[in-house]
Ligand SMILES: N=c1c2ncn([C@@H]3O[C@H](COP(=O)(O)OP(=O)(O)OP(=O)(O)O)[C@@H](O)[C@H]3O)c2ncn1[C@@H]1O[C@H](COP(=O)(O)O)[C@@H](O)[C@H]1O
Ligand SMILES: [Mg+2]
Ligand SMILES: [Zn+2]
């Protein structure tokens, strides 16, 4: 299959000075807001081509398939652009949890009346095991 032509709407996106656009991911079924991350053009094209949400991480300075480590991919149902085209909304089916801290949504904390943050979400997976338990266990301290 020949590569698809560059989708026309990419020229409409109001990329910021770093060539990025904020992307909000929403649960397509429930409307729950799951996370916000950044996309560059490549991430948006890969999202369109694969049907799985891709992002650009500023801290890691590379593109990123959501779920590449955790398996917690986001199967895209639709992509929306806001009125002035400077925010993207992705409606998706979330496998597992969106948040790398173990919650379904990154917005698992609420500002309480006393000004503190209170956890209002329930953990849906063991973040330590998912993100740090994949490799071989470290050798026992007194092994050998
Ligand atoms: N998995 C996530 C993840 N899921 C959701 N988010 C949200 O996505 C936002 C952007 O991620 P980054 O920090 O990588 O990107 P950034 O461009 O530095 O954004 P800022 O935090 O600086 O605003 C975070 O602030 C979180 O709110 C995540 N941020 C980071 N990760 C890491 O991504 C890696 C791969 O994880 P999976 O994609 O789940 O396999 C692991 O190392 C995870 O720790
Ligand atoms: Mg970050
Ligand atoms: Zn999070």
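Each residue, glycine too, has its Cβ placed from N, Cα and C.
Residues or ranges marked as domain 'Phosphoribosyl-AMP cyclohydrolase' by TrEMBL: 35-108. Feature annotation from TrEMBL assigns Mg(2+) binding site to 82, 84, 86. Annotation comment: TrEMBL describes 83, 99, 106 as Zn(2+) binding site.
This view paints the features noted in TrEMBL onto the structure.
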residue: 82; record: Mg(2+) binding site; Cβ within 10 Å: 13
residue: 83; record: Zn(2+) binding site; Cβ within 10 Å: 6
residue: 84; record: Mg(2+) binding site; Cβ within 10 Å: 7
residue: 86; record: Mg(2+) binding site; Cβ within 10 Å: 13
residue: 99; record: Zn(2+) binding site; Cβ within 10 Å: 21
residue: 106; record: Zn(2+) binding site; Cβ within 10 Å: 18
Any idea what the model's mean pLDDT is for the domain 'Phosphoribosyl-AMP cyclohydrolase' (35-108)? 98
Within the set 83, 84, 86, 99, 106, which binding-site residues show a CB-to-ligand 3 distance under 6 A? 99, 106
Contacting binding-site residues, sequence order - 82, 83, 84, 86, 106 vs ligand 1, Cβ under 6 Å: 106
Tally of helix, strand and coil residues over the domain 'Phosphoribosyl-AMP cyclohydrolase' (35-108) according to DSSP? 10 helix, 30 strand, 34 coil
Given the Mg(2+) site residues 82, 84, 86, which other residues of that chain have a Cβ within 8 Å of the mean position of their Cβ atoms, reported in sequence order? 14, 81, 83, 85, 87
